[in-house]
Amino acid sequence: MATEYSKALENYEKAIVIQTKLFSQNHPDLAKTYNDIGSIYRDMGQYSNALHYHNIAFDIQQKTLSSIHPDLSTTYNDFGSVYIDIGEYSRALENFNKALHILQKLPVHSDLAKSYNNIGLAYFYMGEESRALENYNKALKIYQETLSPIHPHLAMIYTNIGSVYSHMGHNSRALENYNKTLEIYAKSISFSQPNLALTYSSMGLSYLDMGEYSKALENCNKALEIQQRYLSPNHPDLGRTLNNIAGVYSYMGNYSRALQTYNKALQIYRKTLPPTHSDISASYNNIASIYLRMGDHSRALKNYYKALEIIQKTFPSIHSALATSRNNIGSVYSDMGEYSRALKNYNKALEIYRKVLPLGHPNFATSFHNIGSLYSDMGDQSRALENHKKALEIQKKAFPSTHPDLAGSYDRIGVVYSRMGNHLRALENHNKALKIYQKVLPPTHPDLARSYNSIGSVYSEMGQHIQALESYNKALEIQRKVLPSTHPSLAINYNNIGAVYYDMGKHDDALENYNKALEIHRKTLPSTHIEFATSYNNIGLVYYDMGEYSSAVENYARALEIYAKTLHVAHPHLAAVYNNMGLACTHMGEYSRALENYNKVLEIFRKSLPFSHVNLATSYNNIAAVYSHMGEYSSALEYFDKALEVLRKNSPSIHPNFPTTYKNIGEVYMKMGEHSRALENYNKALEIEEKSVSPNDFHIGEIYNKISLVYEKMGDKSEAQKYFNKALQAKQRSNSAIQ
């Protein structure tokens, strides 16, 4: 293909030499040739050269043609097409409108429809779907009035309309239009087989959005078969279809096939396109996304930076493709726990969008969501919520009320509320997401499974284990119908179900599900993937709960080994496992080793979290507990006070960490024989638990029991008996809820 471009340019240059001998320097035929050269450079991805030659053509036409000559409209359309490719959509629209203005003064012709089509394309890229549809429909009407009902131009318009509906989340209407395209091609004898292939590709992407992976793969493979018959083996369109097929494999969790197919596409592009072509940068982005899913952060970054390097050479410094690239790089740093570098890249993306896109463009929502999720991982839930709500407001204005992207926003907001301990608001938002998915997606779509998983997670945090299992099993039922048995999403679900059984004290069921997850990971992921560490950590938790502390420590050590190889030194996952290791060592009586692990946790949190983050309070609590076991009560109380200081700065007064801390302080005072101060702190813990949005009878029963013991030590047997009875009643309620 690169050779064909060179030959074409060589022939056009020869034509220029001949034409300059035959005609004057300002002859209109010369302008046409210069426009043709510009179009070749556009196809090669050399946009500055393309604009240069279109400008030469334009200068000639302005000198020799009337201001409403059709050839000028052609040049304006050529300008617009280049500006579309480089992401300058407002300038593209300006030129397409100039072309339209000329054609509107001439008798109605199919070229007028072409202008409306181009304008529709510009609006589509600007995120203004309704105006895109309006212009595509104007083009459709003209074609219907001026062309045969089976003309290929009509097919093209139906495909474009389908693409808009697909982008709006209306996949059934998208498919309806794609099928109209197929009907035209079936009746027509003069159509482009490669265009038919593009329609099958578009249909495949719609089925992918609908979660119907087998149909997505079927249509993309139809496209590939046509292209292999009618195009050269290294034609760029083959690369684009291979990219689509790889995308389906990625969603199916078949990362090795996805990577293999993305690399095939890249090989084609390298043979046929200039090294700085946007399709090559897109390939590097795709390959990086697979490495990210596989947990290979270094290779993901390497490929994302290759893409960035090409984009920086090809596009202006404020092009939206640069913003996408920065978002991608930010996502890797976020996954690695390098939050400051992630935030830096996300903010660069946002800055670019502010310069090149209208304020209500959906890409802003993507940026705000990225920043929001990052703040949430950093523990700053208020800023997380602020950014997710900004994204939601943009989407409400840009999309219909049932668009899947709105559901995604509600889910993200639900996660933040859950992390804030506001489970009712979390459920409210996750249920809003679920209702949207139920309206617009087929009943077996993977996004529905994700929604049920989110709801299950909240119920699990609330201690409502039956509801949690019910939601997780709904998710599992969907996943088993549409996903391969080794899909990573199934492993995530088995881990979730295992966690509920763990909370219920059903250790065998928990281990069974955790081991199912581990088995899937062994079949699909490299041995250093962080999902292995997650599974080992979960298994360690079960052994810890069973009192098998050496087995727990063994699994925690496996998790730490993987995290140390794949994550940033201050990543929260490392802190979590060090924390678990500290707990196990405490129970084994290895207090110095426990303190060593807890101090590693504290060091990570101090580096990565704000002073008022609740995790710091947990860390102080754990260190205090070890000092309490060691009989160093003054040090224990010092660290418990640090925990309370953190909680008072950032957490609602009913946050579950408050009663935990007050209970711990009460226990220290009990050991010190200061019963009245112990009672004071137990009562503070009880008051908070009882005021909780979703009171936990098990925890309340524990506190009643502790208060009973204090009264017994103080010699008040009637009060001791009263609280002992309350403890029994709470335990019975808790057991009933579990059953």
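In case you wondered, yes, glycine gets a Cβ from its N, Cα and C as well.
Straight from TrEMBL, the features:
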REPEAT    73-106  repeat 'TPR'
REPEAT    113-146  repeat 'TPR'
REPEAT    155-188  repeat 'TPR'
REPEAT    197-230  repeat 'TPR'
REPEAT    239-272  repeat 'TPR'
REPEAT    281-314  repeat 'TPR'
REPEAT    365-398  repeat 'TPR'
REPEAT    407-440  repeat 'TPR'
REPEAT    449-482  repeat 'TPR'
REPEAT    491-524  repeat 'TPR'
REPEAT    575-608  repeat 'TPR'
REPEAT    701-734  repeat 'TPR'
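Listed as Cβ neighbours of the repeat 'TPR' (197-230) (distance under 8 Å, sequence separation of 6 or more from its ends, same chain) are residues 155, 159, 162-163, 166, 169, 171, 174-175, 178, 181-182, 185, 237-238, 240-242, 244-245, 247-248, 251-252, 404, 441-442, 444-447, 482-483. Here the repeat 'TPR' (575-608) has, by DSSP, the following mix of helix, strand and coil residues: 31 helix, 0 strand, 3 coil.
Here the repeat 'TPR' (239-272) is broken down by DSSP into helix, strand and coil counts: 31 helix, 0 strand, 3 coil. Beyond the ends of the repeat 'TPR' (155-188), by six or more residues, the same chain brings 113, 117, 120-121, 124, 129, 132-133, 136-137, 139-140, 143, 149, 195-196, 198-199, 202-203, 205-207, 209-210, 399-400, 402-405, 440 to within a C-beta distance below 8 angstroms of the stretch. The repeat 'TPR' (281-314) shares more Cβ pairs under 8 Å with 239-272 than with any other stretch in the list 239-272, 407-440, 575-608. For the repeat 'TPR' (155-188), residue counts in helix, strand and coil come to 30 helix, 0 strand, 4 coil, using DSSP.
Same-chain neighbours of the repeat 'TPR' (575-608): 337, 339, 378, 533, 537, 540-541, 544, 547, 549-550, 552-553, 556-557, 559-560, 563, 569, 615-616, 618-620, 622-623, 625-626, 629-630, counting only residues six or more beyond its ends whose CB sits under 8 Å from a CB of the stretch.
For the repeat 'TPR' (449-482), the DSSP-based tally of helix, strand and coil residues reads 31 helix, 0 strand, 3 coil.
Helix, strand and coil content of the repeat 'TPR' (113-146), in residues and according to DSSP, is 31 helix, 0 strand, 3 coil.
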